[in-house]
Amino acid sequence: MTLCPSSHLLPLSNSPSPPPMAASLTTSSAASRLLLLPSASARAPLHRLSAPHSTNTSLAASSSYAFSPLKCRRYSPLPLLQRASSMSTVAAASDPAQLKSAREDIKEILNSKFCHPILVRLGWHDAGTYNKSIEEWPRRGGANGSLRFEIELKHAANAGLVNALSLLQPIKEKYSGVTYADLFQLASATAIEEAGGPKIPMKYGRVDVSSAEECPEEGRLPAAGPPSPADHLREVFYRMGLNDKEIVALSGAHTLGRSRPDRSGWGKPETKYTKNGPGAPGGQSWTAEWLKFDNSYFKDIKAQIDEDLLVLPTDAAIFEDPAFKVYAEKYAEDQDAFFKDYAEAHAKLSNLGAKFDPPEGIVLDGVQGEKFVAAKYSSGKKELSDAMKQKIRAEYQAVGGSPDKPLQSNYFLNIIIVIGVLAILTSLLGN
């Protein structure tokens, strides 16, 4: 996840550069990187979340085509944005059946467009404006669908995300019972899973904001060119209520995508891993298999022996900072641990700032995103866990017992116990 100055937000792409107007509607491709990268003029290390006032950053892959703010204003696809705005009334809970159908349509887009990185970025940017210090919804930001409005899409940190919206807008129109906030997060989680990543324990039912006036102001996302990459990462993610483990786990999403120097200022024009695409060939990837979600990002950053793989200052920071390094080393050695922590961090990020209707959310596939909290869900009655019940049953059956066959009584032992009790009582009465 890396940042890019607002004046040089030229994202990554897999397709040839189209005319400006066509570019604004071009679908993203696998070349999209999970996070916008700093331009060539920005030499200081940048982060991967989004952007501040004059310089902005980004949470995920840059889209196929991104523009400077002036270009966005000039060539903004107004018909698309007007359709999105016309469907912007506050929604109740999304319809579970429509959510499942929408997910299948998203999978088809992923298989044909290789747009996994930009869809991850869309979900991250809608949620990434959250400020834990603000309680009021939607002023607190977060996953509320506000990123569909033109005013927020024009934020420098969101350059190119109109391409992601153009991919999802037909699905939104097809499934009107799904809110934008849910659709963005559904697409993000599905992209991770379809790339081979872990099952994300998501929940749905996010309520959309109703107007552009409810969009967060520009500047909530991190500034470009932080003097200290590690400190910058903490400043950004701590504001959202995330911790060091979650910062490093989410950084692992860099396993997807590639960077193009002519658009981001980072990376090589072409490597042995990118010269044949898919999509338009070229760019430099973080990993050899840059459309596969695994833990190779951590292995490659740690080794740094392949000149064809990209390492940014913020990537290197996770192995240089002592606290970050603990988790980075762990994930490099243990993919299962990485997948577990990433899934939890992604789900947590997707819920930031959201207002759910119903309050407990909607769960698909029986996988709930929110962690169990005993104090919150306890009824005051203590009950054995299923695992403990199974253990007791196994021990019971091991000595000959079963639900239909109670253990036989040991009559001799019972008699001895009765005699002993009577003896004790007699002694007490005698005294």
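Keep in mind that glycine also has a Cβ here, set from the backbone N, Cα and C atoms.
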Where TrEMBL places region 'Disordered' among the ranges 1-24, 49-72, 217-240, 385-408: 1-24
Helix, strand and coil residues within the compositional bias 'Basic and acidic residues' (259-273) as assigned by DSSP: 4 helix, 1 strand, 10 coil
Long-range Cβ neighbours of the transmembrane segment (411-430) (under 8 Å; 6 or more residues past either end): none
